[in-house]
Amino acid sequence: MGKDKKASGSGSGSKGGKDAGNKDAGKDAGKASKGAQSINVRHILCEKHGKKEEALAKIRDGADFGAVAREYSEDKARTGGSLGWKQKGTLDPEFEKVAFALETSSTSSPKIGEVKTQFGYHIIMVEGKK
């Protein structure tokens with residue numbers, strides 16, 4: 001995943017502020033209709049499909065996501081695969097599509113997604129949304 005792209009034309013400088021024109025959207029309803037604008041995301045990046053499958057098997061067998069990332073990931077391995085908080089528009093489009101669709105979960109019981117990008121094969125989990 002390496003380098004982040006700057007979001008172009010993201011317009012509003014507001015950080016999670018409420019829309020004055022959308023009065024009937026409550027806190028939760030606004031998130032459901034608009035979706036998260038940033039996620040706290042981890043991933044395991046593998047160049048080879050076989051290595052990704054090995055990592056997936058360990059996670060499905062109950063291994064901690066961070067521990068598997070440290071063992072298998074070719075990117076961010078030392079941080080347990082953590083990319084930190086990322087805003088919409090700053091990640092690879094294919095990666096972002098999968099990541100923003102995932103439910104939040106913990107490293108000990110991750111809800112994961114998979115995607116292949118120009119960088120390789122990713123196993124993705126999301127720890128938080130806002």
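A Cβ is built for glycine as well, from the same backbone N, Cα and C atoms used for every other residue.
On a predicted model such as this, the values are computed, not experimentally measured, just so you know.
Record features, source Swiss-Prot:
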- 1-38: region 'Disordered' (REGION)
- 16-31: compositional bias 'Basic and acidic residues' (COMPBIAS)
- 36-128: domain 'PpiC' (DOMAIN)
(request) Mind tallying the domain 'PpiC' (36-128) by DSSP state, helix then strand then coil? (result) 32 helix, 33 strand, 28 coil
(message) Taking only the residues in the domain 'PpiC' (36-128), give me the average pLDDT of this model.
(response) 96
